[in-house]
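Pulled from TrEMBL, these are the features on record:
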- 104-109, 155-158, 204-213, Asp239: FMN binding site (BINDING)
- Arg330, Thr598, Ser661, Arg662, Lys667, Val668, Tyr669, Val670, Gln671, Asp703: NADP(+) binding site (BINDING)
- Arg492, Tyr493, Tyr494, Ser495, Thr510, Ala511, Val512, Tyr516, Gly528, Val529, Ala530, Thr531, Trp741: FAD binding site (BINDING)
- 98-255: domain 'Flavodoxin-like' (DOMAIN)
- 312-563: domain 'FAD-binding FR-type' (DOMAIN)
Amino acid sequence: MTTTAIAPLLDTLDFVVLGAIGLATVAWISRKALFDLIAGTKKSPPNLLSFDASHKSKPAPTASKKERNFVKKMKEQVSVGPQGLCVQDLDIVRGRNVIFFYGSQTGTAEDYAARLAKEGSQRFGLSTMTADMEEYDITYLDQLPEDFLAFFIMATYGEGEPTDNAVDFWEMITQQEQPEFSKSSESEDPEKPLKNLRYVVFGLGNKTYEHYNLVGRTVDKRLSELGATRIAERGEGDDDGSLEEDFLGWKDDMWKAVAEVMGVDENSKNKGPRQPAFEVVEKDDANLDNIFLGELTERKQTNGTRPIYDAKNPYVAPITTRDIFFNSDRRCLHGEIDITGSGLTYQTGDHVAIWPINAESEVERLARILSLTDKLDKVIVVKSTDPASTKPHPFPVPTTYRTVLRSYLDISAPPSRQTMSSLAAYAPTDKTKEILTRLGDDKDEFRVVVADARRNLGELLEWVAQADSEATSFSTIPFDLIVESLSRLQARYYSISSSSKAHPNQIHVTAVILDYKPTSTPERTVYGVATNYLWSIHSQLNRIQDGSPRYNIEGPRGIYVSKDSDTPTIKLLVHVRHSNFKLPRNPALPIIMVGPGTGVAPFRGFLQERAIQKRDGRDVGKTLLFFGCRRSDQDFMYQDEWPTYFEKLAENGSRMTTAFSREQSTKVYVQHRIQEYREELWQMIQQGGYIYVCGDAKNMARDVNGEFVRMAHELGGMTEEKAATFVKDLRGRGRYQEDVWS
């Protein structure tokens, strides 16, 4: 009898039964692969970049090309719903329907994107993924289905600049009136190529800057102009003190709008136990040669070519230092970083990024309160629980608990208020749970106890434990939650204080060592991570013992320190970040530089460059520098150098004007000196002069801006409104530039 003869005899129930048997058979045969996929335990074959210490690194036969079409990747990825790993509750969905793009310079925007993605998945059952903007081809935005959603978490860097990883996207949407998307030639409405796109924007900025949140605002505006639909109010966070509260306050209403548009509810189905974002696996059989002990990048084969050093692959550079303060209880280092033969280049006015590590005292403190002291050198692998994550590991692994706390997590920064609520679920006692819950719920108490006091996580947990004698430690907190809650340790940026023409093989840096006692807790001292790391290097080079925080400056396997001679050589990780803070192309134009304190750093480079241009026979315009510090006999940095530069430029009235704020009964600052010389400065502006301001954004830069506005009003005969517009126009034309910080 043939199959076709049997078919008419089968009714619908028969097909259902046979189909169920077939599915059950497939499920039984594939059960191990399914659970491996869900649990994230299925191992990839070892290759050159394998982080698994159970395998020895072997070159991969062929390297697969990374998929840059994010729409294709979203549709192909498998996601697992938030119910857990019980087989009867599995919610396996093919495809992601929400993507979180981030433009991040210091890691904060990336952290926010990850937090939102997890919240969308666990609270609302959305199928989410995060995406580094530079890793994908953003021209595919026009192919995102209309029932999908795109988030843009965008930080503004410096004076309205995009972050490094968002430059290509920024240039595409701002420099082209009609950007070319993947199907622009086929679009029915060429002026609205993104009409199917639904989006949400959150911007990160700093209100002390002129162009507050310019990137987020511009992205929102351009997406809308190109036909996209914003489904929730744009959020903006101010990094000058209220960023976390701005973020928390915005996202509640945002989720309501998203839930309505996406047709989802926050219901009991999605309110199960916390689903860890990472899995921490301890390894007993790790190959010690393959363990990462602070390296930031994978070991790569270069095939004889010189590697490219950047934010994702910093250079290990030798540094020498000297203290340039004298007769002072404050300290300021001048550092000279040797980049000979590295291929690194810079332009005068650029920034150097220095990658610090955490002080040993803070590593030991957090390890002690988490009961990890006895296993700090235990080898671990930390991996994402999302089997399709674009970043399967948050940092290079295998590694150790000690290395994670020392080199990979920012354990010295205050934790977020949202972290308090997460930790409360794992508090060892009812009393400690009550305290952590209150800190998570009460933003005023959190501000006093954590934010204003600048308590890091280790200090905070010690403070909480003191309230309950039964809470000897917080060993109940899983380490994966620590990894999830703390930001990655990021580079710190400094204005380069040398000219690339004068010192092509050296990068000079100027940094005041940060340590202070918070007003709310004067018994404590807070230490800046990066500057005290530099001081630790300086102390080692100069055999200084002064009780400052101790750092493991030897680096992974001691490779940062060489003791082949009487004077040790010490290295650190650096890369260069290009800046728009640049001298005018025509050196004949006059310039006005305002730089109190370490704000004078880039102007040292500017003067070196102008002196070289003069030496080479170029016509160099008048060059004025306004510098301020507390006292000429304590913190007048580079005091012996300035006359050398100005002797070469003095013929046209170039000079330095100083303001020593504490050498007279009434404090005098650079803005007061500007007022004294305003007629001369106004004439220089009329001659096409450029204005440069570097230093404190909140007070100094604002006051200096006000002086120039007043100058335009009183000497230029403009109304106050037109005077403000005049200075703003100078900024727009690049003739008023700032390199400031809060």
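Each Cβ is built from the backbone N, Cα and C atoms, and glycine gets one as well.
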Those residues of the chain, 6+ apart, with a Cβ under 8 Å from that of Val512 (FAD binding site): Arg330, Arg331, Cys332, Thr531, Gly597, Thr598
Among the FAD-binding set Arg492, Tyr493, Tyr494, Ser495, Thr510, Ala511, Val512, Tyr516, Gly528, Val529, Ala530, Thr531, Trp741, as the record gives it, the longest Cα-Cα distance in Å: 22
Rounded to the nearest Å - Cα separation of Asn206 (FMN binding site) and Lys667 (NADP(+) binding site): 28
Rounded Cα separation (Å) that holds between Trp741 (FAD binding site) and Tyr209 (FMN binding site): 8
Max CA-CA distance, Å, over listed NADP(+)-binding residues Arg330, Thr598, Ser661, Arg662, Lys667, Val668, Tyr669, Val670, Gln671, Asp703: 25
Ala530 (FAD binding site), number of other Cβ atoms within 10 Å: 23
Averaged pLDDT score, the domain 'FAD-binding FR-type' (312-563): 96
Neighbouring C-beta atoms (10 Å sphere around the C-beta of Gly158 (FMN binding site)): 21
Tyr494 (FAD binding site), number of other Cβ atoms within 10 Å: 25
Sparsest Cβ surroundings (other CB atoms within 10 Å) among the binding-site residues Ser104, Asn206, Thr510, Ser661: Ser661
